[in-house]
Each structure stands twice: as C-alpha cells, then as structure tokens.
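Here is the structure we will look at, set down as structure tokens.
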Amino acid sequence: CAMDWQVLTRELSLYLESQVRVGLFGSGVGLSLVLGFGVAYACYYLSSIAKKPQLVASNDRFCRFLEEYCPVVTETYYPTIWCWEGRVQTLLRPFITSRPQVQYRNELIKTADGGQISLDWFDNNDSLYYPDASTRPTVLLLPGLTGTSKESYILHMIHQSETLGYRCVVFNNRGIAGEDLLTPRTYCAANTEDLEAVIHHVHSLHPSASFMAAGVSMGGMLLLNYLGKTGRDTPLMAAAIFSAGWNVFESVESLEKPLNWLLFNYYLTTCLQSSISRHRQMLEKLFDMDLVMKARTVREFDKQFTSVMFGYRTIDDYYEDASPCRKLKSVGIPVLCLNSVDDVFSPGHAIPVETAKQNANVALVLTSCGGHIGFLEGIWPRKCTYMDRVFKQFVQAMFEHGNKVFSM
C-alpha cells in the first residue's frame, strides 16, 4: 500500500506537462503555477504529513518483537495524498473502501439474564494452513458502537484472516444485528458481562485453538475494559485495539464542538436511536422512550438511556467506568493499540501515553493522521488501509511467534 512518493511526484510532474496546455491563461504561466503548486504540496506532504508512527512501549522486548514480526508499526505511514485530514478520512472511509464478500454462519447464544447474543462465524473450512478445525486459530472481532458484522472494516479483517488461514467470529451487541431483544437490555462500553459470556463460549467450542481478539472504536473500549478487569485470567493470548476512545469525557467534549456535532455527533445519536427504536415495545417498559428519542447528542442519549439501563447514579459515573484509560494498568496480556492523534472521537491529548508506559504488556502505535477508523493510504485506498496491515501483521505475529514476545 505504501509507495515511493518521490517517484509519484516525478510522475505527477510528467503527467501535468503532458495534460496541461502551455497556452493556459494565454501563456506558460498557468503550467508553471500548476507545477509549482504540485511540487510545493508534495514537499509539504512529505515533510509534514507522511511520518513514522510513534511507538510507545516500556518493554524493550515487546518493541523488538514488533519491529521484527510487525514491522508496519515502524514504517512511514503515507496517508492518501488528497484526503489526509482526520475528519475527511473518517467520513470517506465507509464510502471508499471495498466490501469483501463474506459468508457467515449465524449462532444465537443465550445469556444468564434470559437475553440472546448474535454471533457471526467465518469458519474458514477451506484453510490450507490449518485444515484441522480444532486447532485453527480464532480471532474474535468486536465492531464499533452501532456496528455489526457487515461493517467494511470487519469484512476487511476477516479477509486478512482468511488469507492467513484463521477462523473469525464477530460479536454483535444485543439487538443490532436483526435479532430480537428478549429482555429490556442492550449494551454499553463499561459492562463486560456479554463479552465474557462470548469469550468463554467460543473458547469452550475450540479449547485447543489459539485465541485472540480485536476491537474497533467502542468494541476496543469494551475489550480493554474486559482485559483490565480480568488481567491474566482470560483465554485470550493477545488483543488488538483500533481507534478506541480512551477517555469518554474528552471524547464527548470533542464531539460536541460545533463542526464535530454537525459532522458526527448528531448522526451518531440518530443511529443509536434507530438501533433501539425497533425494540421500543420491549424497552418502553422501563424507559420514557419519547424522551430518549428527543436526544440530540450522544451525551443526552447516554444520560436518558445508557446510564439508566446499567444502573449508574449519574452519567459521570457511567463515563468514568466506561473509560479504558482507568483500567490500562491491569491489562495482563500483550495488547497493541492503534490510534490517530487527529481522531475527533478520541483526541490525541486524551491518549494515556504515560499510563501505557507503566504496563509492559501494552504498546501504543500513534499516527499523526488517520482520523477515526480511517487510516486510508494510497492514491485510491479501496482495498487496503494502514489499519488492515497492522491488524494482519500483529495477528500473524502473535499466532505464529507469540511465544517470543517476552523471551527476546
């Protein structure tokens, strides 16, 4: 996906010379202006935009492991030259990236409170590297706030896993993948009960298979909160986290800035409302749904619905419990976390760099550009993103060389 941008600049100049008429604006001045702007933009891009990510890890052995088996985290990240700004990357990714075809096998599992969870399995029974299903490595995928197994970033993770021979299973939060709510309960970033049930269910089905997880956005927050709660007492051998919101207070404050509210907050709020409106008959037993449907920000929705559902006294209590930065010290397995510092959903100043340095199991990879689940690269970033490459290399590194993480 990465390319030699000096070659690109040279080719761009040749292309412009062949396409732009010298007579533009009546003289050769127009061509000179176009070429001058192109060269200036290329110089700015190469000096200020294209940068190596910051790798934060207190454990030198973990760093060496990543440098050897996951080298993408040390390579220069070249954001798509015409849409490198964070908001633009965030907005365009769902429309630009392709949607690989994935054939799922659905499974509904029951929960202790009488509810049900929808799991979408990609068994990869044609795996050449791991023909024995009992030992085929398994990746549990957690989508974002209102995401399901149909999200393009999930489909790309499955495609990457398929090429490596791995099995995937997608954890769809309650009530958003087409299944009915059997109890008046949905999900949140702080409550890990459903995730715990899923992890133990998947592990019980394939106890001899290596097992790790990857979470995106709220899925990453939920996974981090689970890992902070369980420490080393988990069947997972490692985890990958992408675009997690580390501090919910900072995230909602960022999303409430006028431009961010217009571009993201209001739309996300309507998505949340849409996800529960189908279950209105079940939920209105406990909630004033008319009031919930009047929310115009994520904070208002959480105040009227999410925090109440999970028994928090105030919304601040919920946000404090939901913030993974408060549990990072307790993570007990190797975790790689990718964030962009220009992500309006997770502001760069709220990324817990100093806390991460206090846990030898944690490595942060921080890019200067990429937005929220963006990380677009290449001229036309349809098939591969920087996030996809980090996912593929880290998962393969852990499954195939994981025993070397802390022995190098």
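Note: Cβ is positioned from N, Cα and C throughout, glycine not excepted.
TrEMBL entries are annotated by machine, without manual review.
As annotated by TrEMBL, transmembrane segment applies to 22-46.
Here TrEMBL flags 137-378 as domain 'AB hydrolase-1'.
Taken from TrEMBL, the feature active site, charge relay system covers Ser217 (among others). Long-range Cβ contacts of Ser217 (active site, charge relay system) within its own chain (separation 6+, distance under 8 Å): Pro143, Gly144, Leu145, Gly147, Phe242, Ser243, Ala244, Gly245, Phe345, His372, Ile373.
Residue environment of Asp343 (active site, charge relay system) contains 28 other Cβ atoms, counted within 10 Å of its Cβ in all protein chains. As annotated by TrEMBL, active site, charge relay system applies to Asp343 (among others).
Look at TrEMBL and you will find His372 (among others) tagged as active site, charge relay system.
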Using a 10 Å radius around its CB, how many other CB atoms surround His372 (active site, charge relay system)?
25
